[in-house]
């Protein structure tokens, strides 16, 4: 029975990603606000414990004589330290220091310091090193002002020591604050061979904090491969975040990861380079072994082959799928690419969740793939009777599980944070512009990558500003009021209750707080306006510069309190969506009016305009675009979000050729001819709408699939005409009414010339099935499109 309970837990426990997540790990840890208690602060010595003891080392606070002052003067070899102890392992991302001001009487400050840290898994204190392998960190130039230093890599510590140093002997006093967050992951350490040197450049894992001992093998610590930082392009120049190995005699690199608890692992993600022109390809294959105790490894081994990519040299995440393996230790062997002299890795993450070990006895064998049960026969037959009961209970539970999974297929709850993007990219060039092929296993899961959400513009904005449509993703729950949107539909519906299903008031009304997120508050003076992009549903949309990136800024002003509430709900819902093929909300400005929503800027504008400006686009590019959109829509599907207005005009293209799902209030004015005006009140995209959405007001992921079928037709038609271009709006409505009454359309969109017959018949046509349950899921559409990416040059028409 415990094994059954265990199986239940494995089946329904959502996967999380074991990774060092730094985007929201910069909180003040409590020196200034006294969340860190006096008893958690200690020091090697104090000039006077009462007036300059460690309890006075709080930044932005004046107590005692104003700071901690060690008993001895400081030089470059000093060993004085201030120690902060935490109750749990903690991620430290930055340190702030001040001197002793003491209302102007102080004269002492530290010009530099070092960091030492410890946690229970380490045998000794470790020293922090920056990207240049230096331990010394610059500190203060006066006694009053605080200086905050961001660490080049985060450290994981239970105790941290601030060690003041100086080139000349001097008296020093310090106040400090530390920033970071609790360490919630379960990785204890990883073991790996030390990296190699190339022409004096080190590709060592120099931040590794375990047992070094001048050995070529690193054990018992954590370093670059688990610091939340991924490497940049051109590993031979931007080498600081990479660990690199030359091809050895055996041609592989071995890694071992140990967790503090049993984990149910479903995937391993490895960030690797692929600079094949410099003989630094991604790994060609991988082998993974698992153990529940670190000693005995399962005979069931995971083998993974990574297809060689000779098109793109961009670093990428590669996902190794693992079929729910229970393990405390995972050993990974990566084989060098063909004719590759180097292998570079910058980060390793795990898709996994906690396994409740209390359900497992020592004598319960956790199955690798097939479980074998044996029963010892007793004279009284009791054991056989128990076995029969157990067997039938197992069958009943299995049927229940399968039934629930089937029912949850269409009505999934909002997914947990998806895993980092495991995409492969194949660059396709169209008259100097670039679109990316994305080929990724289980892309619908991979929202977190995004991983660093890098949104830096790489191409100048088109001079035709009307081509840019405001990102405003319209999403809505399946649970909608089934009210017809047109007059003349039978049923007891109050016509006064008809409302625009594309408005923010309606489309976000079904989302409770569970779907919302708290977005970063961005200082208004950080935004430098570049130009006006256009007009959105709530106000103007401007192109602005935010530090080193360009962003699209939506303004809200001069509207009702209800619209302001809708705007707040919209941006909070949108902020919860994180996927490489969904336009991202960067932050908000809400402290002053007008309220601003800062969104990712997509410099190549909407997909329809982009395709129209590139008439030489080929079938392979069309398949790539559809694959990317299907990935984003599969993610929305997994979150149970409904878009309601999927069309080429509502997708955007960034400077690198990434195509992303969006929905623009502005698109309805840019492409007003593609919308049908209902009673002079609102407009509907009837040529993209499923029959049940238009006639019954039923919006679901299945109605989105219908719209995506029309969108694929658009893409393969090169957006040269609108759907059903030979029909009036009334004819289109009549066509959908025909499906409602007869189960079939009078007229179906014909296969575009550039669309392969197989794709049209097997992927596009099924999107327009009368029964929504017979339409494919976005997950299945995405998987089928991915399979075509590899064969697109050989597709027959």
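For all residues, glycine too, the Cβ spot is worked out from N, Cα and C.
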Could you check which of 364-384, 385-405, 406-426 is flagged in Swiss-Prot as transmembrane segment?
385-405
Among ranges 4-24, 25-45, 46-66, whichever one Swiss-Prot labels region 'Disordered':
46-66
Looking only at Cβ atoms, how many others are within 10 Å of the one on residue 353 (N-linked glycosylation site)?
19
Measuring Cα to Cα, how many angstrom lie between residue 25 (disulfide bond) and residue 353 (N-linked glycosylation site)?
21
Of all the glycosylation sites here, 167, 264, which one's CB has the most other CB atoms within 10 A?
264
Taking only the recorded positions 167, 181, 264, 353, which one has a CA atom nearest to the CA atom of residue 141 (N-linked glycosylation site)?
167
Cα-nearest neighbour of residue 167 (N-linked glycosylation site) within the listed recorded positions, 181, 264, 353:
181
With every protein chain in view, what's the tally of Cβ atoms within 10 Å of the Cβ of residue 181 (disulfide bond), excluding that atom itself?
17
Could you check what DSSP calls residue 25 (disulfide bond) once collapsed to helix, strand or coil?
coil
Hey, how far is residue 353 (N-linked glycosylation site) from residue 181 (disulfide bond), Cα to Cα, in Å?
20
DSSP three-state assignment for residue 141 (N-linked glycosylation site):
coil
